[in-house]
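Okay, structure first, notes after.
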């Protein structure tokens, strides 16, 4: 790999990210452009932002690495990462937006009217965020090492420093544009080289690679990912189910994903956004397995090292070679850094927001900066202390904790009116707590082999039912503490916004106006997204403007 | 293996954090009060604690629900077998044994309610096993009006209980008076919002209409546009439902307001908007930015300034949105501004700024008041911070034409 091209590429990505973040909205606007200035973020832009933030090191590097070593079985990873949004779309997206919550603790407080639940959720959000940040920083370390030969810790420290500086200085103000840009950058960084790689493969004869029936594992003692690798090989069915449960149900609770939905102006837009996200990341995930597949052909020796995650970075140089290979390699490296930066900054903002609101004593801008530093220091310390686990596996553990704590909270909170604060507490502590403990024990390598290790490394299969059961049983046992405003909250969660208001307005005005039904706008009868609407009405900013224009025409 | 040890240590960090938090709480609010002073002092603390538990429900006024919640505590406070709270016509809550007495209470109180004097009476119960033989009734008086009565039952007559019941009834009265005070404070703020809406009318309406009139012959299309802006603006300002709105709607109304102002002042007023789309769905109290913009326009165009520039920006700041309204006008003496915010500005100062400040503090807490930077001749910069989520704050979408 030629560093003369790779380093400028990484530097350019960092610079462009900071510049768009800081100056994207400095362009002044006059009042005549007000409709442009006040247009809310449309579903497609917001979806690109969510996808940009979501596609992390695990997707960019990890999936290809796992496919390279273990073969097509690992396709469950991209499937799981994508299908999580389907569950989110069906059960959570619109009601969560209608609740008005910005973070998960906000949702817990609004639905259950309990500060205690809020505190527990806050702690879990911080835990999940940190778990998710560690592999991002490790991936950055690996990438920089392969590009320049720098020590492992340097890449993580670099990403951490850039993110802390950008977030703390308020440089991530136009974060939607930054993240949307990162999505298209990541897609380009995989799509263009993939095209050339396929050409090269065709030139070399086009023979498909052979995946052995039993994957040849890294030689024993080769790396710390070892116990996870062996237990996956020993119990493949259990491990796959653990992965499926964690990723399908865990996506809805990821702190950096939840906050992005706040940007949607209403529940219907949130649902439309999720559909776009499904399309965008579904398309993206076609590419990493291709890299793993070709990696098997061009870099088979990676299976014997713990650095299989590097396959994506090394492939262009191996397969294409020459100047073209170097340039493509630089493009991929830039994309990888975009992945670390976008996910890390999104997570840091989410974790810092929760820390500054619920954990640190006072509020204010200075405390948010302090919280940012704290949010990044702990995972950075973790990167230096914990030895490398394959990126996709480490991220899978964050998904498992999220699936066992936030999934029961969100699904039952939205769909079951008998949920009580004690029930939610029990579910969060038993489900999320046990998953968090299991994951921590895995990272600490307390148990190194056998069934127990497998159970701890893929906890979702048992911890998700534990979380749901605890929540349901304790809620049923404490019917007296159902929050007093449950009916009102549930109404707001499930009715389209325009309907809710018509009812309250009519009630407030003593029924002096016409009945609510006659006043409801077409958006009041919203059907699940996917129904085609004219693009003009998908932007509420323009809805209000077209609304007033049509009034003008009417008179 | 040091790596493992370090990892375990790192994993323990959150646990230690939680442990320390709980320990700190335990130290700050000790559960047992056993180490506190003599038995007399202990009894005092117990009484005060019970009283403090009874107070919050009463602060919401005297209803069946609040009476039921507080009666339990009040009975503990008096140490009687049964306690009853009534309003002027019915029994609101009965706590303790012998609920069959509840039917007879109102007859017994026939003499007390008009006069407002305490009374003691024998129960005259037919049931020989009933422990309630004697009762004392004390009036609950708010603003020299008898709202109801507190009736305490005992097995035999007791001067101590009579005295204690009197005192507790007086304490309940004070709590209810405070509740009344809370309500009137809310009413004052509501009245001020109404005044604020009404305040928009006279000058602004005359000037806007005059400005529009000047365009009717020269530029009829513009005049029509302006009239429609005017209609939209007044519809938003006079809307009756919903205490909260979204930043997008509030900014939209400000845009219409500025269009009307610019029709009048033309090139003298330049406006710059910088709005981050992420914060547009934020909920905030209705009409809490528009008065600030109005203020900026007034300051900017006052005096001999020929041109004025107003900048309005709304930025994303983590879990908050930050709105800044800045003008380069004549500014203000900071001390005079302080007086206005304290509500001592006199009638000429208008109620815009202090009303906005007060409402923001009431809804979001004291951390979220207005931050104003100004000096004489130095313009004025007003910063409003709005949390993205606050329990109970839900915006209502704009009212569309009923037609």
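Placement of Cβ uses the backbone N, Cα and C atoms for every residue, glycine included.
All TrEMBL annotations are machine predictions without curation.
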Looking at A:219-240, A:395-416, I want to know which stretch TrEMBL calls transmembrane segment. A:395-416
Range annotated as transmembrane segment in TrEMBL, from A:117-133, A:134-150: A:117-133
Would you please say which range out of A:153-171, A:305-323 has the annotation transmembrane segment in TrEMBL? A:153-171
The transmembrane segment (A:241-263) in contact with the transmembrane segment (A:153-171), cutoff 8 A, at least 3 CB pairs, sep 6+: no
When only pairs 6 or more apart in sequence are counted, do the transmembrane segment (A:117-133) and the transmembrane segment (A:367-389) reach 3 or more Cβ pairs under 8 Å? yes
Where else in the chain does the transmembrane segment (A:153-171) make close Cβ contacts, counting only residues six or more beyond its ends and a cut-off under 8 Å? 14, 17-18, 21-22, 136-145, 337, 340-341, 344-345, 348-349, 352, 368-369, 372-373, 376-377, 379-380, 383-384
Looking at A:183-202, A:275-294, A:327-355, A:367-389, A:395-416, which one has the highest count of Cβ pairs under 8 angstroms to the transmembrane segment (A:456-477)? A:395-416
Does the transmembrane segment (A:275-294) come near the transmembrane segment (A:183-202), with 3+ Cβ pairs under 8 Å (pairs 6 or more apart)? yes
Which sequence-distant residues neighbour the transmembrane segment (A:75-96)? Criterion: at least 6 residues beyond either end, Cβ under 8 Å. 54, 58-59, 62-63, 66-67, 107, 240, 243-244, 246-252, 257-258, 261, 267-268, 270-271, 273-275, 277-278, 281-282, 285, 288-289, 392, 396, 399, 410-411, 414-415, 493-494, 529
